[in-house]
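Chemist: My questions all concern the structure below.
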Amino acid sequence: MDALADILQPYKEIVGSIAAFVTIGQMFSGSFICWDIYKQGSTRGIGIMPFLGGVVMTILNLQYGYILRDDTMIQVNMFGLALNIVYVLIYFNYTQQKVKVWAQIGLAGAVSAALIGYAQTEDPKLVETRFGTIITAFMFYLIASPLFGLKEIIQNKSTEGMPFPIILSGTVVTFMWLLYGIILRNKFLVVQNVVALVLCASQLSLFVIYPSKPKGKDKSKVKAKKTE
C-alpha cells in the first residue's frame, strides 16, 4: 500500500476533489428512482430503504462532522439530508402502504435519535473512534441491504426493485475514497472502502446476470400488444 500511496501522493488534491464531487453526485442518484416512481404512478417493486437509509446516514455523518469540526463534512451532509427528506416525501406521496411507511419512518427516527444521544453522552476521547465504527457498520448494512433479497432475485431471475443508480454511483464513490484512503495511508478508511467496494461490485454483477424485469412480464406485454 505504501508504494501505491507514494505513486498517488502528487494527485492527492485531485483525488480528494473528485471524491467529494462524486459523493455529492451520488446524493442525486435517488432522483432516478423517484422518476421511475413518478412514471409508474406508484412505488410498486421499489422499497423506501435507500431513502430512509440516506436520511439516517446523513444525520449520523452530520453528527460526526460536528465531532470532527469539519465544515465541509457538515455542509455536504446538510445538503444530503435535505435531499433525502425530499425523496422520502415523494415516496410517501405515491405509496399505497402509508401506515407501513409511517412505521418505517418512525423506526428510522428512533434509531437516529438513539445514536445521536449516544454521541452526546460518550466520553469525548472515545466518541470519535466509536461513533465512526457505528457509522461504518451502518454503511455496510445499507450497501448490503439489496442483497437481503438475493433468494428472491435468483428465484425470479430478475433484479427488478434493486436501485441500480444508487449501487452504480456507490461503486464509484467507494472506489474514489479507497484511493484517497491509500494516499492518506489511513488503514481504517482503506478497509472500510474495500469492503464497501466488494459489496457494490457483487451487486453490480447481478445486473449482468439477470435482467431488470422478469421475462414473464416482457412476454405478457408482447402478447398484449399482439391482441391489440
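Residue positions begin at 1 at the first shown residue.
In case you wondered, yes, glycine gets a Cβ from its N, Cα and C as well.
Residues or ranges marked as transmembrane segment in TrEMBL: 14-35, 47-67, 73-94, 101-119, 131-150, 162-183, 189-210.
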Chemist: Is the transmembrane segment (73-94) packed against any residues at least 6 beyond its ends, judged by a Cβ distance under 8 Å, and which are they?
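Modeler: For the transmembrane segment (73-94), the list is 20, 23-24, 27-28, 30-31, 33-34, 37-38, 41-43, 46, 48, 51-52, 54-55, 58-59, 61-62, 64-66, 101, 105.
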Chemist: Of the stretches 14-35, 47-67, 101-119, 131-150, 189-210, which racks up the most C-beta pairs under 8 Å with the transmembrane segment (162-183)?
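Modeler: Per the Cβ under 8 Å count, 14-35.
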Chemist: Considering only Cβ pairs within less than 8 angstroms, which of the stretches 14-35, 47-67, 101-119, 131-150 has the most against the transmembrane segment (189-210)?
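Modeler: Ranked by Cβ pairs under 8 Å, first place goes to 131-150.
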Chemist: Cβ pairs under 8 Å with the transmembrane segment (14-35): which stretch of 47-67, 101-119, 131-150 has the most?
Modeler: 47-67
Chemist: So which residues does the transmembrane segment (131-150) touch in its own chain, when a touch means Cβ under 8 Å and the partner is 6 or more beyond its ends?
Modeler: 49-50, 53, 56-57, 60-61, 63-64, 67, 115, 118-119, 122, 161-163, 167, 170, 188, 192, 195-196, 199-200, 202-203, 206
Chemist: Counting only residues 6 or more past its boundaries, what in the same chain has a CB within less than 8 Å of a CB in the transmembrane segment (101-119)?
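Modeler: 48, 52-53, 55-56, 59-60, 63, 67, 88, 91-92, 95, 127, 131, 134.
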